[in-house]
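Asks: Feature annotation from TrEMBL assigns domain 'Cytochrome oxidase subunit I profile' to A:15-520. Look at TrEMBL and you will find A:28-48, A:68-87, A:108-126, A:146-172, A:193-218, A:250-268, A:280-299, A:311-331, A:343-367, A:379-403, A:424-442, A:462-484 tagged as transmembrane segment.
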Amino acid sequence: MGAHHHGPAKGLSRWLFATNHKDIGTMYLWFSFSMFILGGSFAMVIRAELFQPGMQLVDPLFFNQMTTLHGLIMVFGAIMPSFVGLANWMIPMMIGAPDMALPRMNNWSFWILPPTFLLLASTLFMEGGGPAFGWTFYAPLSTTYAAPSVTFFIFGIHMAGLSSIMGSINIIATVMNMRAPGMTYMKMPMFVWTWLITAFLLVAVMPVLAGAVTMMLMDIHFGTSFFSAAGGGDPVLFQHIFWFFGHPEVYIIILPAFGVVSQIIPAFSRKPLFGYDSMVYATASIALLSFLVWAHHMYTVGMPVAGELFFMYATMLIAVPTGVKVFNWVTTMWRGSMTFETPMLFAIGFLILFTIGGFTGLMLSIAPADFQYHDSYFVVAHFHYVMVAGALFSMTAAVYYWLPKWCGRMYNETMGKTHFWISFISFNVAFFPQHFVGLAGMPRRIPDYALQFADFNMMSSIGAFVYGLSQLLWGYNVISTIVAGKPISDEKVWEGAEGLEWTVATPAPFHTFETPPQVK
Amino acid sequence: MFVKAKRLSALTLSPVLTLMAMLNAGAAKASSVNMPPGVTTVGQTIYGLHMTILWICVIVGLVVFGVMFYSIYHHRKSRGVTASTFHESTKVEIAWTLVPFLILIVVAVPATTTLLDVYDFEDAELDVLITGYQWKWKYEYLDEEGENVQFFSNLRTPQSEIYNTESKGEHYLLEVDEPLVIPVDTKVRFLVTANDVIHAWWVPELAVKKDAIPGFINETWTKANEVGVYRGQCAELCGKDHGFMPIVVNVVSKDEYAEWIGSKQAEAAEIKKLMAQNFSLDELMERGKGVYDRSCAACHGANGEGGLGNAIAKSPIATGPLDGHLEVGINGVPGTAMQAFGGQLNDVDMAAVITYQRNAFGNNMGDLVQPIDVFNHKKG
């Protein structure tokens, strides 16, 4: 055993028929990066139009298509697949498994994605334009009043959901069955834990989303009235179903990010993660609570006051386990011996900005105050603090942290740090002022605005342009590392890094852990 | 080192202090950086709640970030420190689970009482039905005094300002042709619904935001304690011109309100009289252009060139049989964005706009539509 090594297949078939977790992980990561650039360029169109009051570049309908597709592509095309890619690469290496449990399904779950997003992007060129009803696609704007391309959008959501479900089943099967001898659940790295819980969330809620879009399909083409009061249905029903998916969805995005940060902060503090057990319990409680808070997105739809109170209390409660996590990370840093390489900088950036996003989240949970915040730019600022500075910063940290292990070459540290500082500053220039305009009364999803919002919007646009451009620096740094980075061969790339992934050769060979390691 | 640490803390604190100064300055009047306390008791309570939770977050943030930055500064490898190995403490964990929980309870109590206040719809002195349309609002006064008073409220900002050919006015995008008028110191109950998609009626200074949902009626209320003009916007994405359906509320003294509602009653009676009249082509064209710009131009283009809707110029409907044209105008085209305008425009305006469409933009049909024709078409 072990003497006969298969290398990767040659040419295109290596990728088309890939079953190796590292190859599939790589494809996921590149795919999500390309979607990140596409979704980002839509954001640039939005910010360019909002640079000044008045309509300058696009018409209002196209603007709505941009906000819609920006959201859809970033959520379903960039952030989610990027963490699936990371899971593919890292989970087998972290638990001492030779590959994912279901490699062929793994291939399929990836290859569904490119045609899906090609289809979704192609709706822009269809008659009547692409989806223009926001990424939350509230009925009846997305049914009776939508452009014909909505049917393709529904198909796209079905396909993306299918891919996510298969990816999650694979992760659950891998983590439950393929851990190295001795690796009990409570010895698993936090990244594996957070992904295991995320995968259960995905399996639970993606079918709900599929149900919602199927009902839309029926309403549009088959004469049903799920979401139309005229036929005995209820437009608010759509929102209940959507957010029953949608709220766990935001934790699906953020939990793996928590996992990444829980790997990186101890590594660069040279000190074990503080409160491992409580981190696991906090993650599980956040996941459970996520099923009980969906209607906090709907405080203004006219729920009975008992409903408002229930969802308000449940939502406020989430601050407790989230607080535990933040306190644990800070305490991990406390009396460590810290260095500040690029992954650590992004992890600290995450910690600061995610906490700010958490604070505004707590503010938003207060139902009566939300009557003023709801659907304003305050909400836009809030979720960009958790989605961009939360999930994306964490993803960026992960790429810098594990890239040397993946390709056996070191990235350019100066360029990495430059990327961090430009990102950190421009992100805040772009999104902090949005709190102000939101509080002062600027609604979200509008292509033009009143004059008192002009200064902050211009500032926001400038920040967004700089932020967008600086991500190209990241792409350049990664590519030049892969092509011509300084070769390294230490198994342990970072002094303080712990975990099985740092026991294999650098660069990580095509097959790892063909013989399972023994975990003490 | 002490000086250094002091400078560091000054540096980290300065943006916070600036922010504090900005927020306090904003508390006095409508601000560009903070929630307006507004002119209602509920709004002022909500503002207080908002500031309380904001300050709690700021203080918790200062503590957490303070500890973190202290650690980043002192516990760095370049200072030659070696890492400790501690990694758990049940006592600490219990403490930082319980303390936030207690803080939350302190916030939850006032939040609950405010919410119950907002949900107290009893004893309203005036009822107004608000209906959201793509992309305008309709107001109907429901009590006896305001019987028959109903009107649409459209964006008044001209296209030339939006498309930058003219300089923008003071209330750019926040001005309407006919504002909602309500009396001061009066509890006004709003019944909110929509005709097509979901909208949301939001006026920050009245502390009211309620979704307008087609087929359902939501309740909300306000009691303004200061006379003034308050502006807001639709807050729920409702299609192409979501950004162009503002709300303006005139809060006036009770006397002024009585006078105003009286004049609206008279106006309604006047329209009734007009409906029995015949008009000349010029009269209809003039009235029709105004109606067209308000109600049709958003979709069909300022010059009938089309857009979201079909072109009017040379259109088979506007240059076809009159009956078919009336049918589309009055009953709309089901399953499309073309609404039934029969319930939105009075018969005089409908007659005028159909006449206008048939005789403008190069359509030279030469025919006249009188209010009675509209009335007859509606009767079938």
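Along the chain as shown, residues are numbered 1 onward.
Glycine residues also receive a Cβ, built from the backbone N, Cα and C atoms like all the rest.
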Asks: If we skip the immediate neighbours and take only residues 6+ beyond the ends of the transmembrane segment (A:379-403), which ones have a Cβ under 8 Å from one of its Cβ atoms?
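Replies: Sequence-distant neighbours of the transmembrane segment (A:379-403): 29, 74-75, 79, 82-83, 86, 89-90, 250, 253-254, 256-258, 260-261, 263-264, 267, 341-347, 349-350, 353-354, 356-358, 360-361, 364, 373, 411, 416, 419, 423, 427, 430-432, 434-435, 438, 444, 474, 478, 481, 494, 501.
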Asks: Which residues of the same chain, at least 6 past either end of the transmembrane segment (A:462-484), have a Cβ under 8 Å from a Cβ in it?
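Replies: Same-chain contacts beyond the flanks: 33, 36-37, 40-41, 43-44, 47, 396, 399, 403-404, 407, 409-412, 415-416, 418-419, 422-423, 425-431, 433.
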Asks: Take the transmembrane segment (A:250-268) and find every residue of the same chain, 6 or more past its ends, with a Cβ under 8 Å from one of its Cβ atoms.
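Replies: Answer is 75, 79-80, 83, 86-87, 189-195, 197-198, 201-202, 205, 279, 283, 286-287, 290, 325, 329, 332-333, 338-341, 343-344, 346-348, 350-351, 354, 383, 386-387, 390-391, 393-395, 397-398, 401, 494, 496-499.
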Asks: Please give the sequence-distant neighbours of the transmembrane segment (A:280-299): residues at least 6 beyond its ends with Cβ less than 8 Å from one of its Cβ atoms.
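Replies: Tertiary neighbours of the transmembrane segment (A:280-299) are 186, 190, 193-194, 197-198, 200-201, 204, 236, 239-240, 243-244, 246-248, 250-251, 255, 258, 307-308, 311-312, 314-315, 317-318, 320-322, 324-325, 328, 364-365, 367, 370-371, 374.
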